[in-house]
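Noted in Swiss-Prot for the protein shown:
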- Ser102: active site, phosphoserine intermediate (ACT_SITE)
- Ser102, Asp241, Asp243, Asp245: Mg(2+) binding site (BINDING)
- Ser102: phosphoserine (MOD_RES)
Amino acid sequence: MHHRKYFGTDGIRGKVGDMPITPDFFLKLGWAAGKILARQDSRKIIIGKDTRISGYMLESALEAGLAAAGFSALLTGPMPTPAIAYLTRTFRAEAGIVISASHNPFYDNGIKFFDINGSKLSDSLEEAIEAQLEKPLTCVESAQLGKARRIVDAAGRYIEFCKGTFPSEFNLKNFKIVVDCSNGATYHIAPSVLKELGATVISIACEPNGLNINKECGATNIGMLQKSVLAEQADLGIALDGDGDRLIMVDHLGNKVDGDQIVYLIAKEACRQQQLKGGVVGTLMSNMGLELALQRLKIPFIRAKVGDRYVLEKMQKHGYRIGAENSGHIILLDKTTTGDGMIAALQVFKVIIQNQMTLHELCSEIKLLPQVLVNFSFSGNKNVLQSDAIASLVKKVESTLAGRGRILLRTSGTEPVIRVMIEADQEEHFIKTLAEEVAEKIKKSLY
């Protein structure tokens, strides 16, 4: 793969005002994307965004660049990332663009693209866009310029799509649900979906002001949701992230239910209904408890690199329909093309209704193993973990764990840090000591 200057594993991301998250770069990017994606028949591109204040500025720049390349932008206003993937498909648009930095703070922003099928752009297309950025910007003839318009009722269309993934014979009349929208893009979607299906809904963090997205709320910070579920004596709580592609749940006792537990419930039910195609894709960070629980049900499980893009690649390669990251990206290819927090939540409600059990009872079947992560910084070579000494150290730890746990060593993709992760069916203090010993030994072998 070529070295890419701007695109990372999940589009382009950074601090607003610093290159490349600037209005002049976004204008050029809109033009470059338009030039590369142009086909004769369709000149439409859908643009959505989350609730960051900077989204308005960046959207205007992007739409000007697209217009210069002869593309008309269809604007949805604040909408979840998975909604843009869906609308791109239904409008037969050339591409969908989301302006968002997902679970990052408000002063960051970013951009990601979907192709005509609602999937992430291929590496080769991203590289072609980067190459086009090097060329001077030229306008098409005046008569061919694009113009922006709003999609009327984009939210309503997506709400109906979400509801359509829930069995029509079921409703949520007996549920009291707390929903935390992270002051993000699902603020006008998630509460409506749940209310229209009959639930009693208590909404928190559903009042975005451009600056409060992900601030002490949402899927990466569930403290407020846990308190609220207990105070309201709700049946459960759901937390989405700023752009709506992650889901974390909370049971009626205030316990966290993460992506590993959620995907287990959905896969087990699909297996029970004889609708499971293949198995489940997780990541290197998926808890071993998930692997063991799926093993008991004879459901195949494979691990991908961390990142929803890699999970999807593995799913497509093996023909699996269910994949997830423990952080709450749940990909259900029988329902949609990308991770979708709202749709994943509805599938969990379906499992609860079909089994007539609480979320807490359902989760008791999967025992997550205690997991300890020790990080330490290092300087120098990326391949430090490749030595024979470290390989034999890993073997030693694995024999200590005797098949009831695992050790993972990896260097961070974003900072000079080595991560030592150990999880095992053991007391937490035993694992912590073991992880710290391993970290010390690696440090010694480096210097």
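A Cβ is built for glycine as well, from the same backbone N, Cα and C atoms used for every other residue.
Taking a C-beta cut-off of under 8 angstroms and a sequence separation of 6 or more, Asp245 (Mg(2+) binding site) has the following same-chain neighbours: Pro80, Thr81, Pro82, Ser102, Asp308, His329, Thr338, Gly339, Asp340, Gly341.
Highlighted in sequence order, Asp50, Pro80, Thr81, Ser100, His103, Gly184, Ala185, Ala219, Leu240, Gly242, Gly244, Arg246, Gly341 have their Cβ within 8 Å of the centre of the Cβ atoms of Ser102, Asp241, Asp243, Asp245, the residues recorded for Mg(2+), and are not part of that set. Taking Cβ-Cβ distances under 8 Å and a sequence separation of 6 or more, the neighbours of Asp243 (Mg(2+) binding site) in its chain are Asp50, Pro80, Thr81, Val98, Ser100, Ser102, His103, Gly184, Ala185.
With a 10 A radius on its CB, Asp241 (Mg(2+) binding site) counts 34 other CB atoms from all the protein chains.
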